[in-house]
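Here is what Swiss-Prot says about this protein:
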type	residues	note
BINDING	Arg44, Gly63, Asp84, Met128	S-adenosyl-L-methionine binding site
Amino acid sequence: MPSSYDRVSKNYRQSELDKFASFTSGWWDPHGPQKPLHALNPVRLDYISKRVSLSGARVLDVGCGGGLLSEALARQGAHVTAIDLVPELIKVARLHGLESGIQVDYRIQAIEDLLAEQPAPFDAIACMEMLEHVPDPAAIVDACAHLLKPGGRLFVSTINRTLAAFMLAVVGAEYVVRLLPKGTHQYKDFIRPAELAAWLRHAGLHLEDVSGMRYEPWRNRARLTARTDINYLACAISPEASHATE
């Protein structure tokens, strides 16, 4: 019976790809348009590195954008494969890799296509600020589960579907403070932790942790918090070998 990950290369919205293609300018400028991502990146890296030994690990970065997290993971000694469907962002990532000397295997590829290649399974998979931008996020989670080694971990960051998230992540960030371009996020696509937990269970993964993540624009810094009503991080583990090899 075909499963959700058999829908190869169909799980995207062209409008989202076009939108992110327009975000390439200044991607690696910590004071530029992607300033919030630069502030979030150390928090994301620390969250991952406390749960996975990165030195020598095989890591997949799904929806890698211009490579901020990909390079940070590689600097910790991980062997990183990074995929995105926006050619302009992969070009940015590759060019920066040439400048930095950090080796990452960047690919213009959907995770469903990568899964179809049946690569060696990964020790860890990162899917950061990506699930809220695809029409079928549960299928992404399912594909990630099938690409993990037994005992491998999936790391997700996304935005909760709450009034607080709408007011701060959409109205505040896009229209008041203008930290992000208008239209970056759609409230209806935000994901409640309970929804993510259900997708993880269905994919055969065990949810280990959910932690809130808060960006403070007045200080341009981010931190973990007990509150998950806006941004949050989650970690899930694959307990069965079948999920990495089927």
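Numbers run from 1 along the shown chain.
Note that Cβ sites are derived from N, Cα and C of the backbone, with glycine treated the same way.
With Arg44, Gly63, Asp84, Met128 listed as the residues that bind S-adenosyl-L-methionine, the site has a largest C-alpha separation of 18 Å.
For Met128 (S-adenosyl-L-methionine binding site), the count of additional Cβ atoms within 10 Å of its Cβ stands at 23 [all protein chains shown]. DSSP gives Arg44 (S-adenosyl-L-methionine binding site) a helix state.
Close to Asp84 (S-adenosyl-L-methionine binding site) in the fold, though at least 6 residues off in sequence, lie Gly63, Cys64, Gly65, Ile90, Ala93, Tyr106, Arg107, Ile108, Gln109, each with a CB less than 8 Å from its CB. Taking the Cβ of Arg44 (S-adenosyl-L-methionine binding site) as reference, residues of its chain lying under 8 Å away and at least six apart in sequence are, in sequence order, Leu69, Ala126, Met128, Phe155, Ser157, Met213, Leu233.
According to DSSP, Gly63 (S-adenosyl-L-methionine binding site) is assigned to coil rather than to any helix or strand.
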